[in-house]
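Inspection log for the structure reproduced underneath, given as C-alpha cells.
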C-alpha cells in the first residue's frame, strides 16, 4: 500500500462512525479509494443523501438552487470529488446541524467531516479515475471546465507564513514538506478547482487565534482543522506586516546615523572647525564692546554700520558705547548700557569659525548667563582693570567670581582671562596693576577647579581701541607683555574632540514661531541631516527636521556637533516646548527622570542643607525646582572617602552625596556618560550655593 494511501487511511477514521456507510469505509480503508468505488452500494448510499437534500430542512433547502449546475449531475458518490467535501464545506456545517437527529449521521460532523476534508487536501493518486468511469451525469472534465468559468473572477488570496515574526501558535500544524510538481492532466484539473475553493476555506476566525510567547515551543497535536490552519496563515501574515514595519524603522534609524567622515565635514566648511566662545564678567567690564570690536576687526560688521552706530550713540549721549551696540541690539539694552539677554554673533578667521555668546553681567540675569555658558566651548572672562571697577566686580561680591564658578560647572574647561581697559588713564598699561589682578584671579580659579598652567591664560587688552584683540599689543605701550593676541591664541589653541558619529543630542536653548516651530541650541553630540526623524524628550514626541540654519542664517543640509543651529521641526507646536527639552536620537534617547544620586560641593550657604531642602537646579539649558530628599554620605577633604553614616546636615565647604528629586521630569545623563548633561548648579535666593554632578540615575 502506498504512503499516500496510508495517510488517507488515517484520515478516514471519521467515516467509521458514519453508520450508513460503514461497509464502504471498511473497503475504503483496506483498498484505498479504488476499492471503495467498486462497491455496488455506493451509488445507493449517495442517492440517500441526495434525497435528503431535496427535503426542505434548515439551511440545506437552499443548497440545490444555488449549486444546481454542479450538484445535480453527481448521481454517484464517487463522482462528487471536491464538490461534496471541500467546496460545499459551508453547507455541510448547516447540514450537520439539522441532521443531528439522524442516528446514522450523529458523529459525522465531529470527526468524519474533518477527516474527509483532510483527505481532499491531500489529492491522492488515482482519485479522479473513478469519476471518469461513472455512467451517470456529465464527465468530471466538463464539470471542472464549467466550475472554472464560474469561479474565474474570484482571486485567490495569498497569505505567506512569516517565520521571522517570532509568533507561534498553540496547536499549530507541523510544516509539511513541499509537494512535488504533478504532471498528470487530471490532477492539474483537480488542483485548479481546489484553488477556487481554497479562497473560502482560508477565511480566518479571529476568535480562534491563540498566540504563545516566542520562547515557548510549538505544541504537537493532532491534525488541525481548516479554521485553525487559516487562522495560522492570517496571524502569520499580520506578524509579517508588523515585522516589516519594524524593519523599516530600524533601517531609517540606521540610515540617519550612518557614520560621517570627518574629512568630509572639514571640506564642507573649508577646513575650518567651529568654536563657541562666551564673554563673561561683571557688569560694565566691557564685554559687549569687546565683542563688537572683534566683529568689526574680522570684517563681520562693515565700517558703514559701525559709523551709523557711532552717530546714533553720540545723539543718544552714549558716544563711548557705540561698539557695544553691535552686540546689544535691544533698545532697552542700548539705553541702559547693559546686556539683558545672551547676545549672539558670528565671525570667521583664516583658521576657524566662531560664535560669540555675550552673557549679561548683572546678577539679575545669572540664569541667562548659565544658559549661555552651557553652550560654550571656551570662556573669556573679562576683567576691568580700571580702579574701582575691578574691586567692585571681584572683591565686593560682584559677578566675576560667580561667573567663573558657573562657567566651570557648565563645562567651560578652557578659560582666557583678559584684563581689559588697560588703556584707561587710571591704569595706563601699568604692569603692577596687571599683576595684582592676575594674582588674585589665579588663586580663585585654582579653588574653582581650573588647572591654571594648562587651561588658563592671562593677557592685557583694550576692547575699545582693539589693542591686543587681533594684533599684538604695541611694544611702545606695553613692553612687558610679549604674548599672543586674543584671536591669535584662539586660532591656535587645541580644542576638544568632536563626537560626530555619536548619537544625536541637542538641548533646546530657545524656541520661536517662524513659518512653523523653530528651536535653537548647540549640538552636543552626533550630527543631523534635513529630513531626519528625532525624538523630543521628555515628551517622547517624534519630530522631523524640515530645515537646518547655521550660524550665518544660511540653510544647510547637515550640521555636526559643536555647531550652534536653528532647526525648523515638524510634529510639535511651539507652545509644547520649553527650554531644557532635548532633541535626541530615537535609537538612544536621553534619560527622562525625577530622581538621581549626585555628588554635591557646597560653595556658598548661609544656613545648612538637610533632608527636605529645596532650591533651583540649572542643568544644561534646563531650570528645575528640586528637593534634597536624603543625605547619603559625607566626603572627607582631600581623599573624598565616604562616611559610613549619613550626615544629619551639610554646610558651606562640605562635599556630600545625596538623593535629589525634581518636581517635573528632566532630561539628564550621568556625568561619566555625558558630562554636558550630567553636571548642574544649585541656586537659592539669587545666589549659587552648590555645584554637582550626577553619579547614578534612579528609577521613577
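Quick reminder: no glycine exception, Cβ is built from N, Cα and C everywhere.
Residues or ranges marked as GTP binding site by Swiss-Prot: 281-288, 358-362, 420-423. A 10 Å cutoff on Cβ-Cβ distances gives residue 287 (GTP binding site) a total of 31 other Cβ atoms nearby, all chains included.
Residues annotated as compositional bias 'Low complexity' in Swiss-Prot: 114-123.
The compositional bias 'Polar residues' feature in Swiss-Prot is assigned to 131-151 (among others).
Here Swiss-Prot flags 179-194 (among others) as compositional bias 'Basic and acidic residues'.
According to Swiss-Prot, the compositional bias 'Basic and acidic residues' annotation covers 204-221 (among others).
The compositional bias 'Polar residues' annotation in Swiss-Prot covers 222-246 (among others).
Feature annotation from Swiss-Prot assigns domain 'tr-type G' to 272-498; the stated evidence is sequence analysis.
Residues near residue 355 (phosphothreonine) in space but far in sequence (CB under 8 A, at least 6 apart, same chain), listed by position: 274, 275, 276, 277, 344, 345, 346, 551, 564. According to Swiss-Prot, the feature phosphothreonine maps to 355.
Mean pLDDT for the region 'Several sort of repeats' (10-136) in the predicted structure: 43. As annotated by Swiss-Prot, region 'Several sort of repeats' applies to 10-136.
The region 'Disordered' feature in Swiss-Prot is assigned to 114-250.
The region 'Charged' feature in Swiss-Prot is assigned to 137-267.
Across the region 'G1' (281-288), DSSP helix (H, G, I), strand (E, B) and coil residues number 2 helix, 0 strand, 6 coil. Summarising the annotation, Swiss-Prot assigns region 'G1' to 281-288 and lists sequence analysis as the type of evidence.
The region 'G2' annotation in Swiss-Prot covers 337-341 and is backed by sequence analysis.
The region 'G3' annotation in Swiss-Prot covers 358-361 and rests on sequence analysis.
Away from its own ends, the region 'G4' (420-423) comes close to residues 285-286, 290, 382-386, 389, 429-430, 434, 460-465, 467-468, 477-478 of its chain (Cβ-Cβ under 8 Å, at least six residues beyond either end). Annotation source Swiss-Prot lists region 'G4' at 420-423.
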If you count Cβ atoms within 10 Å of the Cβ of residue 362 (GTP binding site), leaving out that atom itself, what do you get?
16
Cβ contacts under 8 Å made by the region 'G1' (281-288) with residues that lie 6+ beyond its boundaries:
323-324, 326-328, 337-339, 343, 358-362, 381-384, 389, 392-394, 398-400, 403, 420-421, 463-464
On the DSSP side of things, how many residues of the region 'G4' (420-423) fall into helix, strand and coil, could you say?
0 helix, 1 strand, 3 coil
Three-class DSSP assignment, residue 355 (phosphothreonine), comes back as strand
